[in-house]
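What TrEMBL says about this protein:
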DOMAIN    6-203  domain 'Chalcone/stilbene synthase N-terminal'
ACT_SITE  CYS143  active site, acyl-thioester intermediate
DOMAIN    225-351  domain 'Chalcone/stilbene synthase C-terminal'
Amino acid sequence: MKRIRPATIAGLGTALPPSATQSELWESFFSERYTGGRRRLAERIFANSGVRTRQAAVSPLLEDISGWSTERRMRRYQVEAMPLAKEAVGRALTEAGIAADELGLFVVCSCTGYATPGIDILLARDMGMSASLQRLFVGHMGCYAALPGLGTAADFVAGRGRPALLLCAELTSLHLQPSDPRADIQQIVSHALFSDAAAAVVLIPATTPGGYAVSDVIALTDTTTAGYMTWDVTDLGFRMGLSPQVPEVLSAHVRAMVDDLLARNGLAIGDVDGWAVHPGGPKILDVVQEQLGLPAEALAASREVLATRGNCSSPTVLLVLDELRRRPAPPDRVVMLAFGPGLTLYGVLLETPSV
């Protein structure tokens, strides 16, 4: 029997810092960090990343923070994250027609900055949220964090009958690593893909015209591959570890997980007209498209977000959803997919009242 969760996305807001083209970043900064064969390899990786432009709150074109301590980076996070987060949250609340003091739960996801009091407390104070507001901070889950955050917020709305807010805010630019002419490929890929953004979602216990209800959530973690994706805290920021085997693991699991999510709701892949897939990189999108048997246009929104905004970690899948819902004819049924450390795959089924 199909399970219905009466939590609907009533507002979605995004905020982006200034952007630069991939060619600017390569020619004016990153090209000088490598020599010889490593430089030629890095240039190919940047060119084949699928990214044309991406944004940074702390742009390497303006300041090189690669030698900064983690403490200094965390202090800068608070300064840069707050205005982006406030902008995204304000837009989501305005679209939803919800006042900040009506919220019952505030979920914040971030793996790129930590402090106490954090942006959850500071935003609640600055935006006039209730003193009785429940807060939940989700840290270090990485690129898939938006989906467990969305599921948790939806469960709260369904169980308590009160609005909830989800915020994903990431400043990957703060974790630029020190220059190393012999840098491993994982670091080159990381420097070529990642970007900064904030995205916020308001969920309410009612249906709205064109609003997406959170119908179901699914997760799958293959702990035998736990070392394939890492995000280590070092004295010089956070360092990404990214195995080239990640697409293979995704290939082995994504079809079965999606089939399970849809089958338990009486659906099949052909019943889905919208796909919001986290664009971890071109190979990730290629694997999902191949394993699900999707036409090229099915992942056009994901590829467009990768090209124009880069991989922003947890907010990225929400940026893709925003692209889909702004189309002249938005999809009625959307599957959101995101992937990250674990290796973990997450899926969310969204449906409009019309289906």
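The count begins at 1 with the first shown residue.
Backbone N, Cα and C define each Cβ position, glycine as well.
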PLDDT averaged over the residues of the domain 'Chalcone/stilbene synthase C-terminal' (225-351): 97
CB contacts for the residue listed as 'active site, acyl-thioester intermediate' [other CB atoms within 10 A, all chains]: 28
Residue counts (helix, strand, coil, in that order) that DSSP gives for the domain 'Chalcone/stilbene synthase C-terminal' (225-351): 60 helix, 33 strand, 34 coil
Where CYS143 (active site, acyl-thioester intermediate) falls in three-state DSSP terms: helix
